[in-house]
Every structure is written in structure tokens, then in C-alpha cells.
């Protein structure tokens, strides 16, 4: 009786095909989301440029009307005003380095905005007036970000303030879904087995900040931290007891991590005992054999010389 050959692929192949299909679906979803973000960004740009053009047109009309009004004549006895003396302004030296240029990446925008705001807060006086700071922010843009803000800066160059330009950039490059994605990553993050807690904690804190979860309830943050620990830290924590608050839990985990690091250093520095040399079993068996052979040879040689019967 012949066995019928199965036409379906083996189990590992079906699993691989399912994983490939899931990966392709995730890539398509990410690509579609990227296209939607670009379309939304272009729409915001068109609206902002239209609003700026209307404001510029209104400002031009107002200026023309003011210039059309008659300027009162100065009296002959009225003194001519003397312009004030120009004084040299001594500005302090900047204390922070210039932030790296921003090219228009939505993922880089949050951290770049923090850097430029810190620069303006610390070195604003060194940079100059609000108008100087406005131009300074524009000078730290490049590529697509520099191109997209050209019209705005041209219209606001004489009256602009740095906060206005930062708000304009925020409307273009903010990611409306960043908090939702960060919250999802926050529940999925895990501490690798070969990573110490002191190195893992900054990664976890960044996810808390991106998800705007720093002000979450203490118990919620505590449960997320407990679920993110690796097996070594979890077992050690169970032996010592789990604190009731998030801050106490972090302190306890730092203690455990320090103890583990100290134990690993001690193991690495502990000298190994030298193993005693073992005798070769073949040598033990071989040595008496040589002695017996030599004795027999000597006896035979002695008998042959004395004429004794063999």
C-alpha cells in the first residue's frame, strides 16, 4: 500500500511564511503611515503659508495708509533732535555649544527642540536681541527644514521672535502619534540578560518620557518596571523583597545590581588552583617491562659464556 504524499508544506515552513506575511504587513502599515504624515505635513505647510501671505498683505496695506497721511511740519523754532551716541555692547561669552543643525526629521525634532531651547535660555544674552535669536534659530536649520521655513523667516525677519519660529516648526514636524507608540514600546521593553540595571534604567526612563508617563500613577510605573526586568534581577529581587513604591524599587534594584557586579568582579579576580600533574599510566606499565627484559637478556648472556645448559 503506497503512502500518499502530503501536498502541504511542513510546519516550520508554514511558520516561516506566517512570519514573512506579518513582517510584510507591518512594513506596509509603516509605509502607509509615513505617506499620511507627509501628506499632513504638506497640508499644514500650505495653510501656514497662506496665513502668512494674508498677514503680510494686511501689514502692507496698513503701512501704505499710514504713509499717505500728512506729516505735520516742524516749527522753525523746534529744535532738531540729536541722535543718541552709539555705545559698544559687550555681550557675555556663550557657555553651551551650538546645537547640531536640524534637517527636518520628525524623530529628531523633540530632542533638537530641547537643545535649542536650552541654548536660548542659557546663552540668549550672548546671542543678542529676540530678533538676533530668531535669526540664530534659523541658522541652525538645514536641508528640508531650512527650505520649509524660508517664507516664514522672510516675512518675520524684522519682527520675529525665536518662540514664533519654534512654534512654526512644531506645527510642521511634531509627530501626533509619538506618545501612543512610546506607550506601546514602554509595555514591550525588556532588560537583556547581559545588560546591567544601571545601563538599562536610562533606556526605560527615555520610554517613560516619550510616552509622557513620568507623571503616571506610582503603581503603574512600578508594574511596568517589574515586568521589564530580566530573570537574574527578578530572582534576586524576590529573595530580598519587593518595595511598595516606585522610587524604593529603583533603589533596591540598584543595590542588587551593585552586588551582582561586585560578585562578578570577585569571580574574575579569584586565582585558580594549579592542578597536580598526573602520572602517565603507560609509563608506569612500561617501566617494569623494560627491567624484566633487561634481566632476562643478562641471564641468557651469562649462561652462554659459562657453558651452562640453556
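Cβ from N, Cα, C; glycine included.
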Residues flagged as region 'Disordered' in TrEMBL, choosing from 21-44, 117-140: 21-44
Helix, strand and coil counts within the region 'Disordered' (21-44) (DSSP): 24 helix, 0 strand, 0 coil
